[in-house]
Structures are given as C-alpha cells and as structure tokens.
Amino acid sequence: MTVHLEAKAGDVAESVLLPGDPLRAKYIAETFLENAVSYNNVRGMLGFTGTYKGNRVSVQGTGMGMPSAMIYIQELIEGYGAKNLIRVGTCGAIQEDVKIRDVIAAQAAATNSNIIRSRFPGYDFPPIANFELLKKSYEIGSEKGLNILVGNVVSSDLFYMDSQDEVIALGKHGVLAVEMEAAGLYYLAAKFGVKALTLLTVSDHILTGEQTSSMERQTTFNDMIEVALEAVSG
Ligand SMILES: O=P(O)(O)O[C@H]1O[C@H](CO)[C@@H](O)[C@H]1O
Ligand SMILES: O=c1cc[nH]c(=O)[nH]1
C-alpha cells in the first residue's frame with residue numbers, strides 16, 4: 001500500500017499503461033485484458049491488472065497534469081516495482097501536417113513546468129523516451145499500417161492558456177503536439193532508472209480547431225492501446 005494506491009504487494013505488473021482518465025483505464029482493462037482485477041479505488045483513480053496474450057499488464061489512471069500523474073508514477077515505481085511505463089493519452093496537434101486521429105510516439109517532451117527546472121537550476125534537462133520502447137512501438141504501429149509520428153511534444157502545466165502563442169511557436173520548431181504529462185513521466189523514469197514512453201492520439205487540432213468525435217477517438221485509441229500492449233508483451 002502507498003499513500004494513493006491501495007494495491008497489495010504483487011498486485012501491480014512490471015508493465016503499466018497510464019491513461020489520464022481513470023474510466024479509460026477501466027475501458028482498457030475490460031476491452032483488452034483477460035482476467036482483469038481492480039487493485040485501486042482510492043480517489044476513484046482506478047487501476048487494474050490482467051493479462052494480454054499471456055503477459056501480465058496493469059493499467060492505472062493518473063489524472064490530468066504532471067503533479068497528479070507524478071504521484072501515481074512514483075508510487076508505481078517505488079512502491080510496486082513498475083519497470084515499463086507507457087502513457088496512453090490524447091493531445092492537441094500544433095503542426096499543420098499532424099492530423100486528427102494520428103498517433104504520436106513522443107521521443108522527447110519540452111515543458112513549461114518548473115518541476116524539472118527547479119531540480120537542476122541553470123540546466124535544461126531533456127526528458128526523453130526509452131529507445132527500446134520507442135523503437136518497438138514504432139515498428140508495431142507501422143506493421144499495423146498506422147501513421148505513427150515520432151518526435152517532440154510539449155507537456156503544459158495549463159490546459160487553458162491565456163495565449164497559445166508559445167505553443168504555436170514550439171510547433172514551428174518541430175514540436176508535434178501539446179499534452180500535460182509526458183515530461184513528468186520521462187523525468188521520473190530517468191530518476192528511477194526505468195523505461196518509459198508516451199503514446200498519444202491526436203484528439204484535437206490547435207491550429208484548425210478540428211476535434212474528433214467520440215467514436216473516432218475510440219477507434220484510434222484502440223489502435224494506440226494495442227501498440228502499447230504489444231510493446232510491453234514478449
Ligand atoms: O487524455 P489524457 O491522457 O488525460 O491526456 C490529455 O487530456 C487531458 C486534458 O484534457 C490532459 O491530461 C492531457 O494530457
Ligand atoms: O489540446 C489538447 C488536447 C488534449 N490534451 C491537451 O493537453 N491539449
């Protein structure tokens with residue numbers, strides 16, 4: 001048991017998928033895992049463990065933003081021995097050639113958060129994905145015929161920004177999309193020496209205002225989940 005997770009020792013698998021939305025954790029467990037068992041209900045931040053093609057996998061909601069996600073990520077690593085963590089989230093595109101429903105594998109994550117900056121004053125620490133998980137996911141997605149984009153994303157502390165100017169400028173510097181957790185995940189993975197990756201489905205477009213329907217989100221989302229599950233299995 002940790003402060004925010006009531007799972008017992010051994011309840012959590014070494015490989016964990018991390019959606020922001022706890023109900024998405026339930027959906028993933030019910031749709032993709034066999035014999036899924038719930039191990040956490042504290043604060044309604046649902047977590048489940050089951051098997052995928054015979055491999056033990058957990059799925060844990062993290063909430064929105066780095067402060068929330070980093071609580072669950074650190075407790076999963078320190079308290080339960082999680083070793084492979086893949087965030088499965090949504091994002092907003094900030095480049096014209098990134099399209100709604102595309103899947104992004106976040107190679108690195110820029111951030112406007114002070115969480116990492118305050119740890120290494122005077123330095124910019126680049127939060128990066130684990131290469132093995134990144135390569136595997138790219139290959140699995142490509143074999144499935146998905147248009148997987150690999151590149152930089154930006155993890156923002158704010159969903160509602162007074163101005164999108166900086167985020168749009170980042171897009172002009174090759175950053176593909178904005179979301180709110182990847183940099184925190186990559187920082188903690190570096191700190192604790194575990195493997196991490198962020199996969200994202202583009203749910204809306206910051207430049208064009210386009211949004212996905214819930215049905216479209218679900219279909220693309222399913223593809224992304226299968227990539228994540230395959231990447232941590234076998
Ligand atoms: O769909 P999730 O995983 O929650 O991710 C994105 O959606 C939330 C904002 O709506 C933020 O958490 C952002 O990172
Ligand atoms: O625009 C978006 C979409 C999803 N998540 C974000 O943080 N921003």
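Glycine is treated like the rest: Cβ placed from N, Cα and C.
TrEMBL: automatically predicted annotations, no manual curation.
If you look up TrEMBL, you'll see His4, Glu179, Met180, Glu181, Ser203, Asp204 marked as purine D-ribonucleoside binding site. If you look up TrEMBL, you'll see 16-227 marked as domain 'Nucleoside phosphorylase'. For Gly20, Arg24, Arg43, Arg87, Val88, Gly89, Thr90, the entry in TrEMBL reads phosphate binding site. Taken from TrEMBL, the feature active site, proton donor applies to Asp204. According to TrEMBL, the site 'Important for catalytic activity' annotation covers Arg217.
In this structure the alpha carbons, written CA, of Asp204 (purine D-ribonucleoside binding site) and Gly20 (phosphate binding site) are 16 Å apart. Counting other Cβ atoms within 10 Å of each Cβ, the lowest count among the binding-site residues Glu179, Glu181, Asp204 belongs to Asp204. Ranking the recorded positions His4, Arg24, Arg43, Arg87, Arg217 by other CB atoms within 10 A of the CB puts Arg43 at the bottom. By a simple count of nearby Cβ atoms, those within 10 Å, the most crowded of the binding-site residues Gly20, Gly89 is Gly89. Note on Val88 (phosphate binding site): other Cβ atoms within 10 Å of its Cβ, all shown chains, come to 25.
Candidate binding-site residues: Arg87, Thr90, Glu179, Met180. Those with a Cβ under 6 Å from ligand 2, in sequence order, are Thr90, Glu179, Met180. In sequence order, Gly20, Met64, Gly65, Met66, Ala69, Ser155, Ser156, Asp157, Phe159 make up the list of same-chain residues 6 or more apart from Met180 (purine D-ribonucleoside binding site) whose Cβ falls under 8 Å from its Cβ.
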